[in-house]
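What TrEMBL says about this one:
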TRANSMEM  B:6-27  transmembrane segment
TRANSMEM  B:34-57  transmembrane segment
TRANSMEM  B:69-92  transmembrane segment
TRANSMEM  B:99-120  transmembrane segment
TRANSMEM  B:140-162  transmembrane segment
TRANSMEM  B:196-219  transmembrane segment
TRANSMEM  B:225-242  transmembrane segment
TRANSMEM  B:249-270  transmembrane segment
TRANSMEM  B:276-296  transmembrane segment
Ligand SMILES: Nc1ncnc2c1ncn2[C@@H]1O[C@H](COP(=O)(O)OP(=O)(O)OP(=O)(O)O)[C@@H](O)[C@H]1O
Ligand SMILES: [Mg+2]
């Protein structure tokens with residue numbers, strides 16, 4: 001098999017006494033849509049936070065494209081092509097939807113203090129290109145009509161699409177989505193799935209945390225399950241459905 | 001008539017100088033969300049810096065370098081920037097209220113430093129500054145009018161500089177970091193670097209205001225860098241509208257007018273026993289204005305605009 005785009009080795013993350021992620025090793029293959037499932041509190045979001053540099057692991061390593069990126073900062077990882085969305089959306093609330101998206105491109109010359117004064121020509125050209133691209137991306141995620149609305153005023157589902165639009169501006173090769181369909185109405189979910197599959201066909205790799213089993217079974221392969229911080233299953237979606245360990249983990253957590 | 005005119009010039013000069021400081025705070029708080037509770041430290045660094053660099057030598061005092069005025073003024077700004085750089089490196093990791101407390105502490109420390117350091121003039125302050133080009137004007141009134149034009153020019157330049165900055169991708173970045181630093185960082189931005197840049201830039205602008213203030217009075221002392229000035233500057237920004245440069249300037253003129261009017265009214269109409277407490281009463285009034293405004297209209301008289309970056313606002 002080809003070299004994995006993301007290689008997680010023995011990652012552990014403690015919060016004080018509590019072990020939220022426990023010795024997890026996963027390889028994510030290029031071009032896949034991996035489903036990451038598990039009961040509430042299993043450590044899925046914590047694992048994302050470690051992978052994206054928001055939390056340092058207590059131990060273990062993460063390699064992106066063969067390079068050791070353990071403890072890299074989130075901004076550096078985004079620049080290397082790793083984009084993520086948040087379980088609870090984090091829009092820049094008092095900025096317009098369009099501005100939210102225009103923020104994302106890297107290395108904007110107008111982002112330096114002197115840029116607007118000494119590189120104003122270059123800045124204007126870049127801005128025009130960024131605006132055009134931002135409108136395309138907003139169009140792609142069906143948010144173009146809301147471009148001038150305050151990002152804090154759109155619906156929760158639309159915020160999830162907005163987060164996707166923002167990271168697309170950075171043209172990431174690996175995208176981590178934390179519960180993209182939670183709280184999103186069925187029509188919007190359908191749109192979202194179409195967009196994900198379209199991007200996947202263009203070569204982008206996805207890891208998706210999702211509780212909606214239909215979503216996972218239909219669109220994710222492989223499926224990885226965490227429970228109490230440990231990896232308890234890795235395989236094809238069909239196998240997941242009949243896997244007893246996995247069912248126990250879910251039912252156990254839900255009955256408790 | 002002359003009296004009224006000269007008073008108006010005096011009022012407008014001080015209000016314009018304070019407007020510059022409020023614009024600096026607006027860059028830090030209004031746009032970047034940095035709670036600077038020690039504005040006077042940077043204002044004071046600019047004021048002391050300008051007088052030290054541009055003043056005449058005096059026994060026992062540091063400085064008296066007699067640099068050309070504009071260089072001294074610029075030097076004061078640089079000194080304010082250096083102070084901000086050091087303070088920023090030490091405190092900018094702190095969030096909101098902690099940053100406010102830390103910077104407030106810095107300002108109190110600054111006041112204590114200038115009060116106790118004999119070479120900085122101690123409690124007496126630094127006197128005897130020769131105001132630039134004073135000899136060219138016969139009357140004090142004409143000179144003050146010219147100085148007002150100079151201050152107003154700098155206010156306009158500062159305003160235009162900030163408007164252009166805020167309308168750029170840099171301004172967009174500042175507001176994103178104000179809104180959600182974590183999200184901004186996940187999009188490849190470096191919040192710590194941007195926060196430090198905005199903190200220094202805002203403080204340099206406060207330093208400019210301080211330098212002009214010291215020039216105007218040809219004098220600076222620890223009495224000029226008391227915490228009350230920080231509160232006044234905050235009140236001006238909150239009333240005017242954080243995040244809006246026009247609001248910042250309008251708020252300054254409004255609050256400064258209310259401040260001087262209340263001082264005048266108290267000294268004129270209040271019983272003598274009360275007059276002793278004029279300062280304290282005004283202090284309380286400023287507190288009421290800040291709290292009242294936050295409750296009644298937290299966005300200020302001139303709220304921030306939604307779409308600020310120019311190209312995002314452009315017609316499509
Ligand atoms: N910053 C933190 N400090 C302390 N404990 C934390 C922190 N973040 C997460 N935890 C704990 O770690 C465990 C795993 O949390 P995590 O958010 O990763 O779960 P999850 O699998 O994403 O769950 P859900 O499906 O509910 O989103 C939980 O018990 C949580 O309380
Ligand atoms: Mg989660």
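Easy rule for this one: first residue shown is 1, then count along the chain.
Including glycine, each Cβ sits where the backbone N, Cα and C put it.
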Cβ-based contact of the transmembrane segment (B:225-242) with the transmembrane segment (B:276-296), 3 or more pairs under 8 Å: yes
Best-contacting stretch, by C-beta pairs under 8 Å, relative to the transmembrane segment (B:6-27) and drawn from B:99-120, B:140-162, B:249-270: B:140-162
Cβ pairs under 8 Å between the transmembrane segment (B:99-120) and the transmembrane segment (B:249-270), at least three: no
Most Cβ pairs under 8 Å with the transmembrane segment (B:249-270), selected from B:34-57, B:69-92, B:140-162, B:276-296: B:276-296
Beyond the flanks of the transmembrane segment (B:140-162) by at least 6 residues, Cβ under 8 Å: 2, 5-6, 9-10, 12-13, 16-17, 19-20, 23, 26-27, 131, 133-134, 205, 208, 212, 215-216, 245, 249
Non-local residues, at least 6 beyond the ends, that sit with Cβ under 8 Å of the transmembrane segment (B:276-296): 228, 231-232, 234-235, 238-239, 255, 258-259, 262-263, 266-267, 270
Beyond the flanks of the transmembrane segment (B:34-57) by at least 6 residues, Cβ under 8 Å: 21, 24-25, 28, 63-69, 71-73, 75-80, 83-84, 87, 92, 96-97, 99-111, 114, 120, 126, 128-130, 132, 195, 198-199, 202-204, 206-211, 213-215, 220, 224-227, 229-230, 233-234
